[in-house]
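A.B. asks: Pulled from TrEMBL, these are the listed features:
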TRANSMEM  25-48  transmembrane segment
DOMAIN    41-290  domain 'G-protein coupled receptors family 1 profile'
TRANSMEM  60-78  transmembrane segment
TRANSMEM  98-120  transmembrane segment
TRANSMEM  140-168  transmembrane segment
TRANSMEM  197-225  transmembrane segment
TRANSMEM  237-261  transmembrane segment
TRANSMEM  273-292  transmembrane segment
Amino acid sequence: MQRANLSTVSEFVLVGLSDAPEVRFLLLVLVLIIYLATMAGNITILVATSTDARLHNPMYFFLSNLSLLDILCPTVTVPKMLEALWLENKVISFTGCMLQLFFLIDVVGTEVFLLAVMAYDRYVAICHPLQYMNIVSMKLCAHLAIGTWVAGFFNSVLHTSLIFTLFFCNSNEIHQYYCDIPPVLALSCSPHYSRELVILTVAGVLGSSAFVVTLISYIYILLAILCMNTSESRHKAFSTCGSHLTVVCLFYGTTICTYVRPSSTYSPDQDRIVSMLYGILTPLLNPIIYSLRNKEIKCALRRVISQVRTAL
C-alpha cells in the first residue's frame, strides 16, 4: 500500500470492555471500588509519611514517590474506562489516545527506575548500616527521585513519538480498555519493524539495567541476612525489605509480560488480563503490602487516625 493512499484516523474506539449490560454494570462497580480504595490507600500513605516526623527518612521518601505513582497510574486509564462503562462512550480522540499512552509510559518507566533506587537504598541500609545516613543523604535522595522522573519522561517522549508518527488506517478499534503500545502498534498500516526494534531495544536496555541493579542489590542483601548471627536480626532485616521485594515481583512480572515481547505475539485477551493486574490491582496492593508488613507505617496511620478523630 502506498503512503499516498493512507488516511490517518482522527479517533480510536476502545473495545476492550464487555457490551453485555449486566456484565458492564458489575465491571463499573468493581473498578470504581478498586479505584477509590487505591486512591484512599495511597493518599493515606502520602499523608502518613509527610506528617509524621518519624517517617522523614530516605526509605519513606521513596515510598511516598511510589504512592504518588500508584495514584497517577490508574488515574491515567480508569476514568475513561468508567466513562465507557457508564455512558457507553468508547471513543477517544487521536490526541487523547496519544496523551493517555504518554502518561502511562511515563508513570511505568518512572516506577521501574524508582524500584531500582529503592532496592539500592535497602542494600545500603542492610549491608552498610553504620554509614547509611552518610551515603544515602536526603540531598542524594532528592537527586535520585528527580532522576527517576526525568528518565521516565524522556523514555515516554521517545516511545510516544515513535508510535504516533506512524500511519493508521482501516480499523480504528483498539482491543484494550486504554491506549497502550501493543494494541496501538497493531493498528498501524505503515512499516514499523525498525521503530518496534528501537522501542524494544530502549525498553530492554533501560528495563534490564534497572532490573540488574535491583537483582544485585537483593543478592547482597540476602547474603548479608544469611550472615547475621541472631534470628531476631534476620527477621528485622527481612521485614525491612520484604515489602519492597513483594512489590518488585508483582510489578516486573506483569510489565515484562506486556511490553518485553514483539507485537507479532500480541494477544488482546491475554493483555487485558495482565494490564488489569499492573494497571489497577498492583497500585491497590502496594499500600496494603506496605501497611500490613511495616510496623512504623501502621503506627503512623494510627496517629493520623487519632489526630483526625480529635479534630472531628
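Just so it is clear, glycine is given a Cβ too, placed from its N, Cα and C backbone atoms.
Could you place the listed features in the three-dimensional structure?
C.D. replies: Sequence-distant contacts of the transmembrane segment (60-78) (same chain, six or more residues past either end, CB-CB distance under 8 Å): 31, 35, 38-39, 42-43, 45-46, 49-50, 100, 103-104, 107-108, 110-111, 114-115, 117-118, 121, 138, 141, 145, 148, 177-178, 247, 279-280, 282-283, 286-287, 290, 296.
Tertiary proximity for the transmembrane segment (98-120) is limited to same-chain residues at least six positions away from its ends with a CB under 8 Å from its CB atoms, namely 59, 62-63, 65-66, 69, 72-73, 76-77, 80, 92, 144-145, 147-149, 151-153, 155-157, 159-160, 163-164, 178-181, 184, 206-207, 209-211, 213-214, 217-218, 244, 247-248, 251, 255, 278-279.
Outside the transmembrane segment (140-168), and at least 6 residues removed from its termini, the chain residues within Cβ reach (under 8 Å) are 3, 6, 8-9, 58, 61-62, 65, 94, 98, 101-103, 105-114, 117, 121, 181, 184-185, 187-190, 192, 195, 198-199, 202-203, 206.
Long-range Cβ contacts of the transmembrane segment (197-225) within its own chain (Cβ-Cβ under 8 Å, at least 6 residues beyond either end) map to 109, 112-113, 115-116, 119-120, 122-123, 126-127, 151, 155, 158-159, 162-163, 181, 234, 237-238, 241, 245, 248, 252, 255-256, 259-260, 262.
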A.B. asks: Against which stretches of its own chain does the transmembrane segment (25-48) lie, if we need a Cβ under 8 Å and a gap of at least six residues from its ends?
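C.D. replies: For the transmembrane segment (25-48), the sequence-distant neighbours (Cβ-Cβ under 8 Å, at least 6 residues beyond its ends) are 17-18, 55, 63-64, 67-68, 70-71, 74, 78, 81-82, 85-86, 280-281, 283-284, 286-288, 290-291, 297, 300-301, 304.
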A.B. asks: Averaged over the domain 'G-protein coupled receptors family 1 profile' (41-290), what pLDDT does the predicted model reach?
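C.D. replies: The predicted confidence over the domain 'G-protein coupled receptors family 1 profile' (41-290), as a mean pLDDT, is 83.
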